[in-house]
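Taken verbatim from TrEMBL:
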REGION    1-20  region 'Disordered'
BINDING   Cys72, His360, Glu402, Asp438  Mn(2+) binding site
BINDING   Arg111, Lys297, Arg328  phosphoenolpyruvate binding site
Amino acid sequence: MSPTSTEWSRDSWKSKPVAQDVGYPDQKQLSKVLSKLETLPPLVTPSEVERLRYQLSLVQRNEAFLLHAGDCAESFDACTGENISSKIGLILSFSLILIWGARLPVVRIGRIAGQYAKPRSSSYEKLPDGREVLSFRGDNVNGLDPNDRTPDPERLLSAYFHSTTTLNYLRSLLTSGFASLHHPRDWSLSHVRSPSLRREFETLVDGLSDALDFSRTIGADAGSHSYERGGGRGTLGEVDFYTSHEGLMLGYESALTRELPTGSSALGSSGPINAHYNTGAHFLWIGDRIRNPIGIKVGPSMQDDELVRVLDVLNPDKEAGRITLITRYGASKIDAHLPGHIRAVQQSGHPVAWICDPMHGNTETSSSGLKTRHFNNIISELTSSLRIHTACDSRLGGVSLEFTGELNDEGFSVTECLGGSMELSEEQLGLRYQSFCDPRLNFEQSLDIAFLMSNHFKKERRSQVTPGGGVGDALYQEFKHPQSALGVGKS
């Protein structure tokens, strides 16, 4: 049953069970911290949220593609200018490659400026010395050090200020020319060691430079695309970039939820009205009575009718741009579940954007005990998703990836996922394994996926991939062996 507006408040969640609740020993200090958070300025604005809702409605209509990417979980220590620049550079590079192949605008949502909490299947973990301690829940809850596992409310304030610092630097990057299409080589490509990836990117940049020179000659770069709705942004100098995180810390999210005017750009609105916004991020994995667009994780345990009931509760008016479904089954399970989910949503009439997360269902443990993911399994789930959507008269609207552009002190990419054009082996995992949470694709592996997806969309656009066919075995074989598809070993 969907609650009425008079029944709902930003604290309504307190009367319901909380699956990932944190037990704070000092409740008085927690109340003090949450009261302080309620007075702090918003991180994002209603106009930005409304612009994202509009752009996600384009994704739902197959007029744009969504790239949702970043770290599994951020850390306070990684909040540096170099790391933020590397992350944004990788997302910009990935999106440029997709745009070049698909000829569609890309909506960029980063797992950044707030992704500090992580759910845990168990509240406790057993250490090698036999001690049992509270599980690490992320930097906004407790410390990675086993001796620092007591939940500390002050970490919520630290999360707010680290998010603010990250967002401030992110905005300055995007408004100072860092995202300019005239300078794509500045996006941290200097450390990519794969000759094939360098060659592919240089070819793309050369083609882009020619196109921009032509546009400049005829004066076509002075205007802005209708896609950039809600503000006078030029498509060549600046891009829209949105933040997201998983809304696990409900007290924190409640404190940052404000009733604010929507502005005249609100979808379906004839003028300004008041609505509740979570001002801590543009996009959340949570929600009911907030206007922020929200993502719903859909996995093998989700029944078809259950999914429809969730949509009925979260989007009873079937508003465009509201719901993004992030599917995450695992390569071996997607065929058994995705077709039924697609049919159920189609029959319900709910407008959604379908996003494939090929990461979380494909996590495994290496022989050395490190969590990892194999590139082939990631690609298998992604290509299966493309195939199934086509067969069901649907369309994949985006991809959600955990990747990083971070480098170690010697300038090398992380080694956390197996395979890719660099053919990372299990013996190499320990060389530069830096994640304290889930394994991430490194820079080269991320660009492998970007180019392979771009090439697929280019073939589709040129009718070399026919509707309902050609999105299966042949494409998977190309994706499965990126070193061949990208020309590794060719002169």
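Heads up, the Cβ atoms here are built off N, Cα and C, so glycines get one too.
Long-range Cβ neighbours of Cys72 (Mn(2+) binding site) (same chain, at least 6 residues apart, Cβ-Cβ under 8 Å): Arg111, Gln115, Lys118, Glu402, Ser435, Cys437, Asp438, Pro439, Arg440. The Mn(2+) site is defined by Cys72, His360, Glu402, Asp438, and by the 8 Å test on Cβ atoms against their centroid, the other residues of the chain that qualify are Met359, Thr363, Cys437, Pro439, Arg440. Listed binding-site residues: Arg111, His360. The one with the lowest count of other Cβ atoms within 10 Å of its Cβ is His360. Lys297 (phosphoenolpyruvate binding site) sits 10 Å from His360 (Mn(2+) binding site), taking the C-alpha atoms as the reference points. Listed in sequence order, the residues His68, Glu246, Trp285, Gly295, Ile326, Asp357, Met359, His360, Ser400 complete the 8 Å Cβ shell around the phosphoenolpyruvate site centroid, once Arg111, Lys297, Arg328 themselves are left out. Each residue contributes its Cα atom, and for His360 (Mn(2+) binding site) and Arg328 (phosphoenolpyruvate binding site) these two points are 6 Å apart. Here the binding-site residues are Glu402, Asp438, and the one with the most other Cβ atoms within 10 Å of its Cβ is Glu402. The binding-site residues examined here are Lys297, Arg328; by Cβ neighbour count within 10 Å, the least packed of them is Lys297. Here phosphoenolpyruvate is bound by Arg111, Lys297, Arg328 per the record. The longest Cα to Cα distance in that group is 16 Å.
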